[in-house]
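What follows is a set of notes on a single structure, which appears directly below.
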């Protein structure tokens, strides 16, 4: 009797842990297709992801360095558009500081290439200067450049060197000094603003005074751009033991938070940095707002400030109340597939009939928050949009089921969420998703010297641009998805990824507030990954499908995507 009871409990435990159900019905076609993934194929795809990165990186170093970006079709480099200062599409991001090399540093570390990492660090130290008469966007420079410098510095100065011998013998905190110099050049955006909301752009040498073009002088900034600085600025402050940077970033995010609608609790997407008046009342999860919510949660994980988590939690409640449409539960009941729409910040009424590709990252935020069921559903929609076009259109109309804005600049958001969902559920489904993404990138965007922006998802025509986030994020998340034994994956609770995909260690000294140690946050999926939890994901879907077959079939038919076992 005792033995029988023990076996019952053992079967229950194994069923919960591994997602097995010995009493379930036979597998259907979709479960057969997505429910397993050969290990040899996973290893093959890991090497394809590695090769993808090096094809882009080596060609950048050969044809473009020390300029900021690679033109992958013409095999040339690209820097700021000095002839047209109003070309903010280029000049917001490119500041003549070898952007792609800087942004790629920690990807080299994640790939285990310590020798190339050291060489890249040396090149950055010798070639990169921020003493430039260039106007740049504060947000982009913060996430791409400041975050990259801090990440590389922290990985090098980790005494255990878990990612390999990254630190050269001669290294003397040069990247940290560069980070401080850069941050100081961004400070006028904050200090010259009377509201605490930073101006969107500064001149790296002269602050706001020599920002001359009307486009660059605009005082209108997006919520994400003004309120997504606390992670990098906070890490810098705590490394330097100088609270200035973190205090300014926190003032910005809290000022925005205090300007939210008193009716809905939602924020708009565009605000006047001088007056604090909302210019854009669109409230959503994509462009203009995405990383604001992301950084409230990640700042809490990094620093343990309770206010950050309260702001995120309250925001998440408002998002679920006003933006969510479709059936009440992801994996049960009837009705349309769940969808988060753009709404008016004051009324909560639907504001647009489109969603955008940046919103695909929100599934990853839901994973970090522990709302894995919702993450499964929100991710599935974007996966099937990808399946339909081969890549993601920048905007997709959910009423017309068509692309409103048809370009795809190699964005990482869908693969980022795929990676986080795989780490949270270990469902082979997400390896299949990663395979589809990797293969379509190689098929549709690979060119003579790198990977190119898709000009139109309708005809797969290309533009001659490879933005730096392709190497810093898209390739990194693809590689980590298939590299099961990577140190980062096996030690997930030690790191968090920035919104640019930069790896930042979770260090005890970052959680020391006023000399009082703060406990780690108690959220379900701390940092980037967690073991599957039976209360978060139905056990049978941990092993088989995260979204039940009938719901996969429903959304595939709505979008006109074939997902039979032969597709």
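Glycine too: its Cβ is placed from the backbone N, Cα and C atoms.
Predicted automatically and left uncurated, TrEMBL annotations should be read as such.
Around residue 140 (active site, proton donor), taking its Cβ as the centre, 20 other Cβ atoms fall within 10 Å, counting all chains. For 140 (among others), the entry in TrEMBL reads active site, proton donor.
Look at TrEMBL and you will find 290 (among others) tagged as active site.
Feature annotation from TrEMBL assigns active site, proton donor to 394 (among others). For residue 394 (active site, proton donor), the same-chain residues lying six or more positions away in sequence with a CB closer than 8 A to its CB are 356, 357, 403, 405, 406, 407, 408, 409.
Marked as active site by TrEMBL: 413 (among others). Long-range neighbours of residue 413 (active site) (same chain, six or more residues apart, CB within less than 8 Å of its CB): 357, 358, 359, 360, 361, 364, 392.
Annotated Ca(2+) binding site per TrEMBL: 499, in sequence order. Taking Cβ-Cβ distances under 8 Å and a sequence gap of 6 or more within the same chain, the neighbours of residue 499 (Ca(2+) binding site) are 143, 228, 231, 290, 291, 294, 295, 298, 361.
The annotation signal peptide is assigned in TrEMBL to 1-19.
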